[in-house]
């Protein structure tokens, strides 16, 4: 796999010809909604299959998968268009495999109202689907936002393990630290909370729970560990998975960034997966900055790996772009979230040039917007194939368990193309007795 950066006068046809691939393959691998709307500085993924197969008369997907000892899910991941049209024709060229380096787990975060079309396109790439639908309330009680039975059922049909996410967050990402301590400091509330989670998992068909730890530090880690020990024992006795997402704390001192240093090996002993992530929701107090800082994340994982086995660790990949108005004024400036398609369309319509920050390994661009007689400047930071490659390199270098994507509410072809051409995606046995 290679990454090509769009240059002046490039066209989708000229790039395809340069690499000896079809325009259709280039468009599919990069999810180009507007193939003729290329932007200078845009990153495009160029894939080179390890093995392909020409469809013969009478072939079926199952027969082809069986003959190459792969699953139908692998065949679909390697040929995403098969989800839109499962009919195959003699002479059609199918990708059987890529030169992958290792097997990894993938986890996608979603809300229950995810569009069915997007869900079905995404599930072949997921080991786990974590559904954000439950919030803790006073005394350890649990509030649910809406019915999620369809997304659970569909995830199992496509071999993705459904995981229930419980947090003290609102759907807009607002943290209630008082509520968190209300539960952490009261064993009766904890017992009630755990009982309710187990009851919901059994009733709904979840196979595990993901809890988010916010504001974890040296002073309060004992409280979190006590709660986790109680939860771990109950979950594992009942046969459920326990996943913890660590929303790691970043502090700044004289322009230098630091993370809270905690012995995560104690947490690792109690859980099935540890996800290191930065949950970020749109708010006007977030200053313009790279969506993800690869070098900082690498230092964090290097520290964590000193005393924590890497086979349970997952790192988070953000998928959303952010658009700030400038000059930035805290609590006043507007900020908008954007999908990759929306980012590219804005860049194209404003004739912008995309730049790349080598330190954080993230792209950005500026554009101007006319509002009546005023000209408003914007900066957009987002993630592209180069960012995904850098994140994947951390997984390879530290032999991590895999990648957790925040979030999968919109389908990002480039993200999945990069993952699928570098790694074998693990699919586990799904318990379908309760679906």
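Residue numbers in this text run from 1 along the chain shown.
A Cβ is built for glycine as well, from the same backbone N, Cα and C atoms used for every other residue.
Noted in TrEMBL for the protein shown:
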- 2-46: domain 'LysM' (DOMAIN)
- 51-96: domain 'LysM' (DOMAIN)
- 93-422: domain 'GH18' (DOMAIN)
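Under DSSP, residues within the domain 'LysM' (51-96) fall into helix, strand and coil as 18 helix, 8 strand, 20 coil.
Helix first, then strand, then coil: DSSP counts for the domain 'LysM' (2-46) stand at 16 helix, 8 strand, 21 coil. Averaged over the domain 'LysM' (51-96), the predicted model reaches a pLDDT of 95.
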